Structures are given as structure tokens and as C-alpha cells.
């Protein structure tokens, strides 16, 4: 069974970061080793929260503890998401290096959460620069949304063709796979949720209907998306099939959340359709 060291945020109430991704990844049949960068009462879109950012040394201490019992060699991938400080980022990259020394075949999947003030997502100063300058070249896979794609590349993206070109420019700087998690205004259709999966040689586009939650969208969709893609790839799924499963599984979670009249992602209620989605979507090679 594959093992993923998942270094992300944690909320006690609701679903974001590890709280959104950990259970679905386990439900898909992998072991998850959750290591929390922050522990908050709830996610920041509520406008009020309590909790703390973990000291950067805490991350190193935990990883070293796993090394001390000689189990880092069993880690197949490191997944990182929301980080509380650029110092944490440096310690995460040190952990990635330590894992890869123990298991040279291990992957580093970076979800570069850079903040979106309009959505209530706030990151510390220096975090965006860390992702651009340090995490990007160290990653095997990276999963920006459109805003983060523009920040990583320093380029404005207006359409799908430009998004593919810019994603390929990121591949030239380190990662082998780039998932553009939400094309937003650069997509083909305003009423669809569209994603791209890009390598140096191939690109796939996929779309699904938007799920209407009114003014406030659920948090943690990107965390769920990244986690499920990593699981699919670790299990050996081809890139296009992995993209298709992720799109359908996340859509099922969104539908269940809407059906239940909730705002927090209903990953437990939707667990069966995470594994075996009812809806199907087709990835199109560009």
C-alpha cells in the first residue's frame, strides 16, 4: 500500500487542508501520514478563527522522528499545501530531501496555496515568493489555480492556449506534471469548471458543470483535488484517466454538499462516490 506524507493545514471544525484531503485519500486506498502546518478552529473564510501556526522546527522534528524509526523509506510521496510561513516552507523542502534520500523514487507534489483575499484565504508575507523561487524547482508535480499559475510564471493568462503554454514553461523549471486546478476566466465556458493537466509533451482539458452555492463557495476543493490526483497517479493511473476520476469524484462531493444544504465539504457522506463516481467526464487531449 502506498504512503503519503501530507503536510498541510488542519481545521478542527469543517474541511480544509488535511481535514479535506486526508479521509478521501485513505478511502481511495492509501496510507496518509498527516503533518499539520497550522491548527485552526475553522478555515479563514469565516472571518474569525483561533489556533496557531506550528513552529517550523515542529515539522522537522516530526519527520526526524519517522526517520529515527527507519520508516521514511516507506514514504512514496510528500504532498504539501497551505503553509503558515516561508520558514515552514524551507523545512518542508528539507523534509522532501530527507524522504528522497531514504526513497529516491518518492515524489513531491506541491499545492502552492498563495492566498486569495477575496475568498478569505490569507497567507503570510514571503509565502508566495517561497513557492515561486524554491518549491517550484523542487517539485515533481505542482497544482496551481489560475491566479497561482500567473504568480508562478509572472505572466497574464487569458485563454486555454496561453494556460497550456505557461504551464509548459513551469515544466521547464522543475515539475514534470502541472495541474491547473481552475481555469476560471481563461476557460472555454463561463458556466463550467475547467481544469488542465499539462506535461512537456501532452496536455488534457476537462470540464464539469459548476455547482451553485451562491456567493460563498466551499473551501477545500483544491486540497481535495490535489490529494485525489496524487493518489490516482501513485496507483499507476494514466494522466488522462486520473484527471477524469478526480473531476468526477470532486463533482460528486460538491453535489452531495449542495444536496445536504451544507457549506463544508461533505466528504464522509460522499465517500462511496469518491471511490466510484456516478457522473463521468472525459479528458480531451489538446
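Quick reminder: no glycine exception, Cβ is built from N, Cα and C everywhere.
Per Swiss-Prot, substrate is bound by 44, 45, 223; the candidate from 9, 184, 207 named for the same site is 9. Of the listed candidates (176, 181, 235), Swiss-Prot assigns 181 to the same ATP site as 111, 143, 148, 208, 209, 210, 211. For residue 44 (substrate binding site), the nearest of the binding-site residues by C-alpha distance turns out to be 148; the candidates were 143, 148, 209, 211. Taking CA atoms as the reference points, residue 208 (ATP binding site) and residue 223 (substrate binding site) are 18 Å apart. Secondary structure at residue 111 (ATP binding site), taken from DSSP and collapsed to helix, strand or coil, is coil.
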